[in-house]
Amino acid sequence: MEWLTLTIDGREVSVPKGTTVLDACRMNNIPIPTLCHAPELTSAGACRLCVVQIEGMRNLPPSCVTQATQGMKVETQNPKVRNARKVILELLVANHPLDCMTCQKMGDCSLAEYAYDYGVTGEVYQGEKRNLPIDSGNPFILRDQNKCILCGKCIKACSEIQGKSILDFSHRGFDTQVGPAFNLPYNESDCDFCGSCVSVCPVGALVEKQMVGKGRPWEVSKVQTTCPFCGVGCNFDLNVKDGKVIGVTSNPDAPVNGKALCVKGRFGMDMIYSDNRVTTPLIRKDGVLVPAEWDEALDLIATKLGEIKKTYGPNSIAALSSAHCTNEENYLMQKFMRAVIGTNNIDHCART
Amino acid sequence: MAENQRILVCAGTGCASSGALPIIDVLNDEIKRQGLEKTVSVVGTGCQGFCEKGPTLVIEPQQILYTRVTEEDVAEIIEKELIKGERVERLLLVDQATQKPVSSMEDIRFFAKQHRIVLHNCGVIDPKKIEEYTARDGYKGIVKALKGMSPEEVMEEVKKSGLRGRGGAGFPTGLKWGFCRQTPSDKKYIICNADEGDPGAFMDRSVLEGDPHSVIEGMLIGAYAIGADEGYVYCRAEYPLAIKHLGIAIKQAEEAGYLGNNILGSGFDFHLKIFEGAGAFVCGEETALMASIEGKRGMPRVRPPFPAVSGLWGKPTNINNVETWSNIPHILRNGAEWYGQFGTEKSKGTKIFALTGKVNNTGLVEVPMGTTLREIIFDIGDGIQGGKKFKAVQIGGPSGGCLPEDMLDLAVDYDTLTQAGAMVGSGGLVIMDETTCMVDIARYFLNFSKKESCGKCTPCREGTTRMYEILDRITKGEGKEEDLDTLENLAITIKETSLCGLGQFAPSPILATLKYFRHEYEAHIHDHKCPAHNCTALLSYSIDVEKCKMCSLCAKNCPTNCISGDKKTNTPYVIDEEKCIKCGTCIEKCKFGAVTRA
């Protein structure tokens, strides 16, 4: 691998060829604020918060889309750069509701974090503010466009992670919005509710509806786990407060799925506390399902299957396995049917 | 009576909208009636440039220009000009300096200082006829290239000519072509940017309307040099006549074998299509333009990769604007050295400017690079309307800047103007006189930029609106002490951090007016006065008791009944400022100059 050396804030650093200035900074623990950048998405270079000063370059280039080159001299914190970032943050805050106290994103909001860091007051630019309706017509995602900073990450997540491309910009300039075609609410659009958009939103414009009011980021412990819904093996973080799961958030380090999840994994974990959940085996006695011990249930199945096989032959028995199970469990199921029962009558709900 | 006369009637968009098209019909009828059809022909041409005096027509070969012609004038023109050989004096142009009518085009200041290369055919030929183009050496450039020059030699010729992009930035054209040529690919595109969106600029429209074959020929030469076999003309849908004429020209060129496969037996293929834009200013930015052709939202993307490496559909693409392409056939036909004799050392050739605003002669003018602003405004433009005083000229549209009177002797070329805080840009020249408020002008341009911002990057999307709001407040007399610092800091940040040219140059009108007309801003903020007496909210009207004859005309005509007084009781007339809407009716009505505006 070819390496190059550049100077960042007077410090010489070496990075592999092909590294952006932003990554070069982050590899070396030099903080750069970003709003529209996400490592799993292509870079738009749109929010302009990551601007830096580079010797010999016109204007202040955005570090996220500028390639590091040999001998490059970068300044990330000089007064000119910090002033430009502050102006950009003031502009964003001037068109953003300041209801942080009641915002679900409080404590996890990139805009708030940078605004604090750069001493933004929210008072420099007084003028027009958006006043758009809140989209709460679906059970999963709460969408408040007034909080949207138009970073465009949700659009990219929808097209680049989920492959649905239901989101895009509409209107122009100050009136620009993000939404499904014709600005329909999510539940009237083609949205699958995978929630990838929520997982990348840096502010409170897109939040998990079921977690609203249930806990603040600092009250919640995150427990990485594997999704029980199917055999893919997606990982995510259970958000636990006071011993109770209040919801699910993406774990960017999940080895199988990254931030991607499906609607069940991200929004279906309330099934844990469902009254309809079956927690013990049930045996029908005199027409009524009665809770039983595992041993009793397994004994009953073994006996019944043995009797059927003996009376009607192995091909009178069939098994349908489930996508809920892991590959290993499904393998065992077919092995059991073929080797123990002696039939090829084995199928799977996700076969087609 | 001269034999074989031609009457060239301007049928460009400007003159057509002032009634030129029926004039052509009436001329034909009248010529028939007089039995002159064998010796006199009528030609509907593209823009002759003198839009403000339209409809215009030129009698050839005498080169007599008639202005503001109506259908009723036709019989007299034919009677006097074609039969008796006399002038119709009342339709001749009046020179503002001498106040005398001038008949011959050579004597008209508007034309005398121009040098027409790109506009060589505009207003002279019928743009719907390929034979009129070829009769004036049309398609000789591509023939020369295909019959005797290698693509490299063509590129070298363009490089040597010193031609720079006429779209505004002034990037050397030959160099740009070279980047695209060097990128290896199975497919390359060239594009003509005809998304001319600057308010006040209309040279690209006029060239497409008046001489569409010159653009096609330029693109053919470029495609040959670059190695492209397909091209697009991205033209805004607001230019229906340009699209129509270009469509006819493409068809004719295909039929004549200039477009298609194996052009002129050379083995070179080139196909050209028109793509109609949907009215977004930002689509003039090349990456947004390509996104638009691809069917995506017209939004710029970051560069690199540059279009020369990855452009339309991911293939190497070269984009030039209409005027640039239209220069190419002339360079090939006459050679780089010939071209190099026009212009300055670093800005070669000519540039078309759209001269508008408070100037006597408005219209399209083509001058050698290096001509001074004074020559353009006071010689070609014949000075300021109504004998008022010149104040500033906005150069380069909403992305350009205003220059004051003491910069009138600047030579117009890319580098000089950029240094002065303006830019050649699209070539819009808006002339302002003493009644123009510079804060209001900046506000006007910002209103345009904020509406046309695509919304992608933060500084342009949010910042143009905030700059507009501050300017709007200042013109309403609600400016605050800190506004100028806030405005300047915001403008500089937007300039330095925006993604594309639209955002980077949107603050230019503010930065230039702050640089040259800061005192006007200060007067608005500190004294609540508009020095140009333009900003309504800052005006106050009063009646001078000494001069007032108590005729009551002002009071009778006041739409809000805010003037009271009575001659019988000798009660002086006064204006109630609370109720006054500052419409100015009282000033217009007063015959004694008793009402004053401050």
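Note that Cβ sites are derived from N, Cα and C of the backbone, with glycine treated the same way.
Unlike curated entries, TrEMBL annotations are predicted automatically.
In the domain '2Fe-2S ferredoxin-type' (A:2-80), the DSSP tally of helix, strand and coil residues is 12 helix, 21 strand, 46 coil. Taken from TrEMBL, the feature domain '2Fe-2S ferredoxin-type' covers A:2-80.
The average pLDDT computed over the domain '4Fe-4S His(Cys)3-ligated-type' (A:80-119) stands at 97. Among the features that TrEMBL reports, domain '4Fe-4S His(Cys)3-ligated-type' is placed at A:80-119.
Residues or ranges marked as domain '4Fe-4S ferredoxin-type' in TrEMBL: A:139-169 (among others). Long-range neighbours of the domain '4Fe-4S ferredoxin-type' (A:139-169) within the same chain, counting only residues 6 or more positions beyond its ends whose Cβ lies under 8 Å from a Cβ of the stretch, are 35-36, 38, 40-42, 44, 46-47, 92, 96-97, 103-105, 111, 129-133, 176-181, 185-186, 189-210, 212, 258-260, 263, 266-267.
Residues 35, 38, 41, 96, 103-106, 109-111, 135-149, 151, 153-154, 156-158, 161-162, 164, 166-167, 170, 239, 246-250, 259-263, 266-267, 270 of the same chain sit 6 or more residues outside the domain '4Fe-4S ferredoxin-type' (A:182-211) yet have a Cβ under 8 Å from a Cβ within it. As annotated by TrEMBL, domain '4Fe-4S ferredoxin-type' applies to A:182-211 (among others).
Positions annotated as domain '4Fe-4S Mo/W bis-MGD-type' by TrEMBL: A:220-276.
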(message) What does the DSSP secondary structure composition of the domain '4Fe-4S Mo/W bis-MGD-type' (A:220-276) look like, as residue counts for helix, strand and coil?
(response) 10 helix, 20 strand, 27 coil
